[in-house]
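A.B. asks: Structure in structure tokens, see below.
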Amino acid sequence: MVRILSILVGLFFTVALAWSFVLGAITAATEPAPAMVEHEFHVAPKNVHFSFDGPFGKFDNQQLQRGFQVYKEVCSACHALKHVAFRDLAALGYTEAEVKAIAAGFQVPGTDPNTGEETLRPGMATDYFPSPFANDVAARAANNNAIPPDLSLITKARHHGSAYVYSLLTGYQEQPAELLKEFPDAKTPAGLHYNPYFPNLNLAMAPPLAAGQIEYGDGTKASVDQMSKDVAAFLTWAAEPKLEKRKQTGWPVLGFLLFATILGYMSYRNIWADKKH
Amino acid sequence: MSFPWANEYKPSHPFMKWMDEKLPLPRLVYNSVGSGYPVPRNLNYFWNFGILALVCLTLQIVTGIVMAMHYAANAQVAFDTVEHTMRDVNWGWLMRYAHANGASAFFVVIYIHIFRGFFYGSYKAPREMVWLLGVVIFLLMMATAFMGYVLPWGQMSFWGAKVITGLFSAIPLVGEPIQQWLLGGFAPDNAALNRFFSLHYLLPFVIVGVVILHIWALHIPGSSNPTGVEVKSESDTIPFYPYYIAKDGWAVGAFAFLFCAVLFFFPNALGHPDNYIPANPMSTPAHIVPEWYFWPFYAILRAFTQDFFFIPAKLMGVLAMFGSILVWFFLPWLDKSPVRSGTYRPMFKKFFWFGLIPAMAVLFYCGGAPAEEPFVMLSQIASLYYFAHFLIILPIVSAIEKPLPLPYSITESVLGKDEAAQLAPAQTATA
């Protein structure tokens, strides 16, 4: 009885699935899915190497400091970094005095000690990076109706995040002629910018970097490629400041576990030596 | 509740004697995971996964309790408190990555544990209750994992909560009110986040309770074994301590090694980047996918693309998704073959390795893929096989199959010699 019922229930589901399958197959055969411009022209991030790649990877503090300079002088005009505090910058090799000076260079929201009114005051080491806009409405209004995302987690919030940031910053280009030939309606709208590394190909952010735009303190030549790579490295640190500590902790942990497992295996062999199994 | 030849607990120290009279806890330990618990001598490494599951559960509870100390279940700040844990709490990143990857490890282990049961017929008499409790644990795990994934309040948290509670809206007439009741609102928000946190903290302890019942029920008939032949004599068994403690010990070490390799070097490999974007009810992610361990069931849900007579496609999908796990409850009565182990079941073995395993692999793959062709068609074929396997093929195969000859006893299967096996009971009789 149980089996008869079970076969009936089984037939119910399998026939329903077969029905879905047949109709789906007919649709797939007769109406091929329309080609999508995002499918055909979106490309995966470039293959780029960073010092923090791999199990032994470490941050390059010089590079992080350069990347921070790019963020401070370019990105921070529109993008917040709200999970990062100025005190965190000590990890990049800045001294306490330098951190305080950097913080003081930013205006953060505060309260006027005399009137109690909301005001701006110079930042302190314990403050977090301030948002460039008062709220999302202000951010939209200033940026062609797009909100510049907070960058504190951007490299973890995108597939292959570090390479993605680098590719996006170096990926602006003219819309390819084949694209317009194949998809005449897909012309990049006014105010947007074509970038094949962006999921829907058209990005509200104008190309933010130009060669020689900033002057690196360490004398490195500020090409677009160099700045993109540096800021991608800095944002990777911002998204995962514990990356280096994590990898460095991993090795002794694995070493210990390997040792303990080998000992465990040997005692297992020893204990079972007289037992056939 | 154990075999007559089980070692008896004999406390020698006066304190242990005193303790044994007042609270025989050492006796319980001795009889459940000590020398007093005889276990088949021929268990292979698939039998280590129960202990590994217990290790995972413990890991999740310990890391989870620590994380709850730094977390706030409020939609305004939940995402930020998780980031605070990652950045400013001492070893907070380790706790969080261990917890997130611990969930994945738990499911890896539990899927192997379940498929061990499928292949070796662990669900059959006299262990039906062990199996039923196991399915209950699995369902509780799924609920716990789903609610835990909502807590960081990222994009996938929010949209996952919306999609999964939305499944209940497929129920005719009362569906929408049920969804609103579950969420405490029209969309996931503070009410949902708070109750999910509350339940996410509660359910693991419910799981602990059911695990205790699971082990209790197991220890009545004792463990099954790869031959599926029940224990006949003392020579079929060895004491849990030291033999299986040693074997489990090194297995736990190997598991911890693999787990830590992922934890320290690929902690985000199993997660979705979108969950590092704070929840935004106004922006739907391009592809809403659950965590990898739900992919087979998500694929079954999405495989139903057509209304079936008067039943809407969505309702069919929901019925099938829940049905795909509920069918496991009936397994002991669907598979009536008297032979437990798949090793001795030629037809069953073929359907298992060339049917069920590939179908599950396809479902895993398609559940994580976007809802487009060919993934939809592939998941339809795989889902079709899945239901056919449990509901049609198993009942028929178990009725018509001619199993291979079984060894007389575990001892015979281990020592290979008939005389050895025949001798064993006699030896114990004289001893």
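The chain as shown is numbered from 1 upward.
Glycine is treated like the rest: Cβ placed from N, Cα and C.
For reference, TrEMBL lists these features for the protein:
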- B:His99, B:His200: heme b b562 binding site (BINDING)
- B:His113, B:His214: heme b b566 binding site (BINDING)
- B:His219: ubiquinone binding site (BINDING)
- B:15-227: domain 'Cytochrome b/b6 N-terminal region profile' (DOMAIN)
- B:230-408: domain 'Cytochrome b/b6 C-terminal region profile' (DOMAIN)
- B:45-73: transmembrane segment (TRANSMEM)
- B:93-118: transmembrane segment (TRANSMEM)
- B:130-151: transmembrane segment (TRANSMEM)
- B:196-217: transmembrane segment (TRANSMEM)
- B:249-266: transmembrane segment (TRANSMEM)
- B:308-331: transmembrane segment (TRANSMEM)
- B:351-371: transmembrane segment (TRANSMEM)
- B:383-400: transmembrane segment (TRANSMEM)
A.B. asks: Do at least three C-beta pairs under 8 angstroms join the transmembrane segment (B:308-331) to the transmembrane segment (B:383-400), pairs 6 or more apart in sequence?
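C.D. replies: Contact between the transmembrane segment (B:308-331) and the transmembrane segment (B:383-400): present.
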A.B. asks: Any residues 6+ beyond the ends of the transmembrane segment (B:351-371) with a Cβ under 8 Å from its own?
C.D. replies: 115, 118-119, 287, 289-290, 292, 294-300, 302, 342, 378-379, 381-383, 385-386, 389, 393-394, 397
A.B. asks: Would you count the other CB atoms within 10 A of the CB of B:His214 (heme b b566 binding site), including those on all shown protein chains?
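C.D. replies: Other Cβ atoms found within 10 Å: 21.
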A.B. asks: Could you tell me which of the binding-site residues B:His99, B:His113, B:His200, B:His214, B:His219 sit with their CB under 8 A from some CB of chain A, listed in sequence order (or 'none')?
C.D. replies: none
A.B. asks: Considering every residue in the domain 'Cytochrome b/b6 C-terminal region profile' (B:230-408), what is the mean pLDDT value?
C.D. replies: 95
A.B. asks: Using only C-alpha positions, which one of B:His99, B:His200, B:His219 is spatially nearest B:His113 (heme b b566 binding site)? These are the binding-site residues in the record.
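C.D. replies: Smallest Cα separation from B:His113 (heme b b566 binding site) among B:His99, B:His200, B:His219: B:His219.
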A.B. asks: Which sequence positions outside the transmembrane segment (B:249-266), separated from its termini by at least 6 residues, show Cβ-Cβ distances below 8 Å to it?
C.D. replies: 45, 48, 51-52, 55, 94, 97-98, 101-102, 104-105, 109
A.B. asks: From the Cα of B:His214 (heme b b566 binding site) across to the Cα of B:His200 (heme b b562 binding site), what is the distance in angstrom?
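C.D. replies: Given the Cα positions, B:His200 (heme b b562 binding site) is 21 Å from B:His214 (heme b b566 binding site).
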A.B. asks: Any residues 6+ beyond the ends of the transmembrane segment (B:383-400) with a Cβ under 8 Å from its own?
C.D. replies: 299-300, 303, 320, 323-324, 327-328, 331, 334-337, 345, 347-348, 351, 355-356, 359-360, 363
A.B. asks: Using DSSP and three states only, what is B:His200 (heme b b562 binding site)?
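C.D. replies: Going by the DSSP assignment, B:His200 (heme b b562 binding site) falls within a helical segment, counted as helix.
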A.B. asks: To the nearest whole angstrom, what is the C-alpha distance linking B:His99 (heme b b562 binding site) and B:His214 (heme b b566 binding site)?
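C.D. replies: About 24 Å separate the Cα atoms of these two residues.
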